[in-house]
Structure formats: structure tokens, C-alpha cells
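Look at TrEMBL and you will find 220-232 tagged as compositional bias 'Polar residues'. Sequence annotations record features per position, and here TrEMBL assigns domain 'Ig-like' to 30-149. According to TrEMBL, the region 'Disordered' annotation covers 201-232. The transmembrane segment feature in TrEMBL is assigned to 12-32, 162-186.
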Amino acid sequence: MELRRTNPACNCVLLCGITICLIFGINLTFAIELYAPAEVLVENGTTGILKCSFKSREVISSAATVTWSFCPAGSDAGSAVSIFYYTSANHYPGSVAQFKDRVKWAGDLNKKDASIHLIEAQFNDNGTYSCAVINPPDISGTAAQTQLKVVIKESLPQDNTAVIVVAVCGAVIGLILISVVICLIIKRHQTTHEYEGCTSVESVSSHATRPGGKKPESSLDGSRCSSHSTPVQGPVIYAQLDHSGTKSPNSFHKMEPVVYADIRKN
């Protein structure tokens, strides 16, 4: 039996070809990474959104596809059925009558979003929803799964955002009102202090010009506090004139009070 020797050059070429194929094959094909919330709560009778996002090393092409599957609560994973299929900007409903006209596309593949809307959620929609994406040459990795729970309104967690916003607004308004009140009190206190100062000066001047404590009638009484530049009126001297023309002590004298002098202090 004759043995033929293999040409070393052929072996080298063959080995290089296999290596190149392996290198290019690994670089061109990757598993797509999928992300979805672990649990979603939806109020009964309302529209909920099932979110799904992904990462792909390739540019999104028209051959990219999205598949959503549903597995009822308490069932095995093998009983999952397709309820939605999306490709080339077209969507196709699954064969499950339960979801007929109730699943709508809500994503954008160019933004790596493969979410869907579930319209008028029902209690029998409870279960596990799986999202799978293929963007050739990238293949779909492990499907992202979301546990859906349809509940009544009272069972939904309360959103404290509105309460916090109202509390902050109330606190700001309260601080503004307190500041305004404090400013008004300070302004009123200053005005009262100035008014009392003017009254004290006037009182001292009045006592100095009124011997005997009687208040003379004057046209300046209407002003309680005058300017410092206004001249202060001095005392008024009165005299009585005798018009009888006689010096008899028994005769009736007609006396007429007249102003004799008006002394003003400049």
C-alpha cells in the first residue's frame, strides 16, 4: 500500500482559510441583548404598555423582526403562544382570540425600542410576556420576559409626586405671605414712630406759647406736624379799646377786643 505525502503548502492554506472563516463568523454574528421590566402593574380596563429595548451591533435593517409571546399565569413555558409579530414597518396579530385588536405597536426599531400597547387590560391577561428581536446577521439572545398583573385601581401603588409638588408650592406661598406680613408690620411701626415724634414736638411748642393752659384758636391747628422750614407762630397779644369817650367810673364802657400785635418767630 502506497502512502501519499500531503503537501505542507496545501495544509497551510487550508488552515488559514478555516481561521479566517472562524474570525469573520465570530465578528459578524452576535446575540442581541434584550431588556424588559420584571413586573408591570396595569389597572383593569385601561391601556398598559409592555416595554422592551435591545442592543445590536448592526445597523437596524428592514429584515429586523420583533416577536411577542404570551404564557398564561400558572402554565408551563412550553405553552407560550405568539400574540404579535412586527417586521418591515408592518405588524401582524397572533392567532389568539383573546388578544384580537388589543395589541398595538408602540416601539421604534431605529431607537432600539420594541414595546407594545395592551388595550383594555383584563384579569385573564395575567401571565408572562416574552419579547424576542432579530436583526440579521445578529441573532436573538435570551428573550426578555415581563410578568403582567392586572389589578383594580385601589391596588396600584400611590404616586407621591403630586403630593410632593403641592407641598413644595404650599411652603413657597407660605414663606411669601409671611415675608409680606413682616414687611407691613415693620413699615407700620416706623410710620407710628415718626408720627409720635411730630406730636411730641408740637406739644412742647404749644405749652410754650399758651400761658394759662388755654388753647388759642388758630388756623394752623388743622396740621399736627409741620415742616421744620415753616416759621413758628409766636404769642398773640390782645388789647381792649374804650369807645365811650368819658372817664366817669359810673358810665358804661363799650369795650372791643382787638388784636394789638402778632409776633411771629422766624
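Numbers run from 1 along the shown chain.
Cβ coordinates come from backbone N, Cα and C, glycine included.
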Practice problem: May I have the DSSP-based helix, strand and coil counts for the residues of the domain 'Ig-like' (30-149)? | Solution: 12 helix, 61 strand, 47 coil
Practice problem: Can you check how the pLDDT averages out over the domain 'Ig-like' (30-149)? | Solution: 92
